[in-house]
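Asker: Annotation comment: TrEMBL describes B:13-429 as domain 'TRAP C4-dicarboxylate transport system permease DctM subunit'. The transmembrane segment annotation in TrEMBL covers B:12-38, B:58-77, B:98-122, B:142-166, B:178-199, B:232-265, B:277-301, B:321-354, B:361-385, B:405-424.
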Amino acid sequence: TETIKAVVIDGYPARALWVKEFSNFFIPEVDKKLAETGNFKMDWQESYGGSIVKPKGVLEGVKLGLGDIGIVTTIFHSSKLPSQAISAVTPFVAADSVAVAKAVDEIAKEFPTMQKEFAKQNQVYLATGVVLDTYQVFSKDPITSSKDIEGSKVAGAGMNLRYLEGINGAAGVRGGLTDFYNMLDTGLVDKAMLWPEAAKTFKIAEVAPHMLAVDLGAVNSKTITVNADYWKSLPDEVKTALQDVALMYRDHVAGIAMERAAASRDAYVAAGGTITEASAEDRAAWAAAMPNIAMEWSANLDGKGEPGTDMLKAYLAKLEAAGYTGVRDWTAE
Amino acid sequence: MSPVEIGMASVAAIVFLIYMGVYIPVALGVVSFVSIWLMRDNFDLAMNLLKIAVGDSVMEYTFATVPLFTFMGLVVSKAGLGSDIYDVMSSGFRRVKGGIGMATVGANAVFAAVTGSSIASASVFSKVSVPQMLRYDYNPRFAVGVVAGSSVLGMIIPPSAMLIIYSFVAEQSVGEMFLAGIVPGLMLAVAYVAAIWFMGRFFPKFVGGRPASDYEFLPWSEIASKTLPTLGLIFVVLGGIYTGWLTPVEAGATGSLVALLIALARRTMTLKTFWEALLETGHITASILFLITAASIYSRMLGLAGLPNELGDLLAGSNASFFMIMVIYVVMMLFLGTLLDTASIILIVVPLFLPLVEPMGLSLVWFGIITVVGAEIGLLTPPLGISCFVIKATLNDDRISLKDVFLGALPFAGVMLVVLILLIRFPALSLAILN
Amino acid sequence: MVVSAFRKLVMGLSKATNSVAIGANAAGTLVVLGLVGIVNFDVVARGVFNAPFLGAVEVVQFSMVLIVFLQLPDVVRVNRLTRSDGFLVVIGVKYPRFAASLRHVIDSISAVFMALISIAIWPEFVEMLETRDYFGVPGVFTAPWWPIKLVIFLSATLCTLIFLLKVVRPADKPELVRVPEHEDKT
Ligand code: NA
Ligand code: NA
């Protein structure tokens, strides 16, 4: 039996969902597969929580060989990994982690763009992780439609701040997830965009007991990658094992995210929160009022000689096949 | 070499180099670089570690608290807020044996709430309160000892550069660390006052001094004008953070602005002193953050070597008790405290012990408080005790030798140690305010 | 002849690097002021005018790099880089020559370390300049990477030079304490 050393890195702590499942699911599954033939055995060194890199440093860490395998949080790297924003630029389509994870993963494999972006960072794409079911709007005051967001201050992060461009007079306020409770509590903001599981974790029901279920959608934010030089050095059997398990990990993590989402919604209500479903017209109106950030995204990729438009179409078609049709056709001007 | 051996060898090498006088960030960086190079037999990997750590470590939003609170502290001390508070306090404590000493502690505790560093406290109060104590025939050793001891409060009571540094290394919220520092800081101040009373009662010769005759109660209007600016600033800074209206960074910036306005209103700030404060802020920021960068290279080297994993396994396998770990931790901090500055101690020991402490389910906020208090004992111990150095340099008085300062500070270092043990034994002292 | 020409060269270079360091220092100092300004601007814009400045985080991060690396050469120049020089001072009393050579060795090591940082960062700068990489959220606020890498590169190079000049120049007078400039109005 040949032993192969693998250093796994992430800047997030071991208790984070995707990290925990890497330890408890990915690694044992790979070990199990390799044990079938007994030719190879992995010697895992798991370095999480800033012991080698910080959350934003995983991409560079894998690129530079400080880690062999990494869990890259792609939303930090809009400029190096532009195509990863695919689900963030297509809101109001699918509030389903499993469907989005599968669709993004297939786009990564059927089109060369995502892999090329990672190749430029000296790494090989392995799997996509979706860890949240959908962004919703949480509010201090009763909220029944997106009209109630008009003129208010809304806490958000990253691309979802741009969703607010579709709401009259709404001002996005940037903040870290851990600050949202305080921001709402003090009235610094009246509303916040986050997903139910985060709302449960940070006890948002105490300060924003009204949720508008507007289903902005699930977003892919994690990618498992392997350093390219390390990948080349691996025997085929190990490569295959990693790729197979990556597929399982993708569905496994997204599945857990969905389970947690349902439980978190119940917990929100149990903690005194009320949930109002947004009407279809309301969602359509919000989506229609937004700038078409999906087309901005695909045009940007097209401009670089990548098949941006085709990827967008193929992605939405995959979601449609899975039963999710958006309230706005993002491929139309 | 196993990871643990690499870890120990690197600490030994770093301590040796620092003792020889190598710049601390250079010692940390070079040892880490060479360790990676030897360990993996890969020069490029060592270069890559430099590449990722430099810049990456500085680009942290919360680090803006370092220049902002430093600047605020400098402006505040130039505006004379320190001596104002002292005046008020000494009018209150004037009749008690050791009263001026107690007043110094009290004034330091209040001043600490608007400054982020012990150096500022030490230099302000050696000029304000040492001459007063000498005038009333206090023992010079006691006089400088009180100032040295209470200067430590500047970095325990928030805002504090050291709490910020810890929160960065351990990935804790700066706001929570600040809140957690309040009770331990006040506790230390009370312990100092009690110790002074005790010394005055049982070792009157060590304290010396006679009751102040010419102090009068300040009129209320004067008390107000001397305390309100500081209280207002504390209200803005800690209030802003506590209510969540301001992030610590924003509180630092707003505090700086308010401090500038106070200085302007009192006409105590010239263009020259303003520029000096900015310049000094830049110097302090650069040297602290470069040190942090180097320490981050070092802690990543330990991570690459697999030391955290190894220590975790070691802990799981053995029955190392909480008690033993804490004893080792405190002894190590006291040892490093003899020759390193506080920031360096935090940056060296925390990455080593975090992987031991985290799996035990202990609060990392609490761990931060005991780390900062433990590391700050080093400010008072020879041969390198920054607070004592600053006092000696600021006084510039041949009658008081560096040895006097260290000997005077010793009882206060002892009190710190006792408080540290209490904080370790009763985590609620640090954590109660958070819940 | 050769010696004096060399000395002249060293003095000239020292003067040049020192004035660059002082200039960078002044620039970094202004960034500190800018930092105070921009954060307060955001607080007021958000609290009073309901219009937060969405680039505050990136601007603050950017300023931190500027402050640290513009000031670092001057910190090196005035000997304020953190160190524990008790041993050097003590040994300098008895063996001044040995202490002086030890200082030179230390400054040489430091020069090598800073040079390694320069060498490590340079390709990063080139890559960022070519790819025009940025950080932040597109459509919200973005800032380019290359100026950051350039400042770090220039700063580390300048520090290398200053350390080298410390080696070839006669040793500075050792001092136990660098008195801080904190002053209270008393
Ligand atoms: Na303080
Ligand atoms: Na010491």
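From the backbone N, Cα and C atoms, a Cβ is placed for every residue, glycine too.
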Asker: Please give the sequence-distant neighbours of the transmembrane segment (B:178-199): residues at least 6 beyond its ends with Cβ less than 8 Å from one of its Cβ atoms.
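Answerer: Residues packing against the transmembrane segment (B:178-199) from afar: 96-98, 101-102, 105-106, 108-109, 112, 142, 146, 149-150, 152-153, 156-160, 163, 206-207, 238, 241-242, 248, 365-366, 368-369, 372-373, 411-412, 415-416, 418-419, 422-423, 429-434.
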Asker: Express the predicted model's confidence over the domain 'TRAP C4-dicarboxylate transport system permease DctM subunit' (B:13-429) as a mean pLDDT, rounded to an integer.
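Answerer: Mean pLDDT across the domain 'TRAP C4-dicarboxylate transport system permease DctM subunit' (B:13-429) comes out at 82.
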Asker: Same chain, outside the transmembrane segment (B:142-166) by at least 6, Cβ under 8 Å from its Cβ: which residues?
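Answerer: Hits for the transmembrane segment (B:142-166): 62-63, 65-66, 69-70, 72, 98, 101, 104-105, 108-109, 111-122, 125-126, 129-130, 133-134, 172, 174, 177-179, 181-182, 184-186, 188-189, 192, 196, 199, 206-209, 237-238, 248, 251-252, 255, 288, 292, 342-343, 346-347, 350, 368, 371-373, 375-376, 379-380, 385, 387-388, 390-391, 395, 400, 404-405, 407-413, 415-416.
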Asker: Any residues 6+ beyond the ends of the transmembrane segment (B:321-354) with a Cβ under 8 Å from its own?
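Answerer: For the transmembrane segment (B:321-354), the nonlocal Cβ contacts are 7, 11, 14-15, 18-19, 24, 28, 118, 155, 161-162, 165-166, 169-170, 288, 291-292, 295, 298-299, 302-303, 307-308, 311, 360, 362, 364, 367, 371-372, 374-379, 381-384, 386, 417, 420-421, 424.
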Asker: Looking only at residues six or more beyond either end of the transmembrane segment (B:361-385), which have a C-beta under 8 A from one in the stretch?
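Answerer: Apart from its flanks, the transmembrane segment (B:361-385) reaches 118, 148-149, 151-152, 155-156, 160, 162-163, 166-167, 170, 172, 176-177, 180-181, 184, 188, 322, 329-330, 333-334, 336-342, 345-346, 349-350, 353-354, 406, 409-410, 412-413, 416-417, 419-420, 423-424, 427, 430-431, 434.
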Asker: Among the recorded stretches B:12-38, B:58-77, B:277-301, which has the greatest number of Cβ pairs closer than 8 Å to the transmembrane segment (B:232-265)?
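Answerer: Per the Cβ under 8 Å count, B:58-77.
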Asker: Short question: which residues 6 or more past the ends of the transmembrane segment (B:12-38) have a Cβ under 8 Å from it?
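Answerer: Long-range Cβ neighbours of the transmembrane segment (B:12-38): 6, 45-46, 49-50, 290-291, 293-295, 297-298, 300-301, 304-305, 336, 339-341, 344, 347-348.
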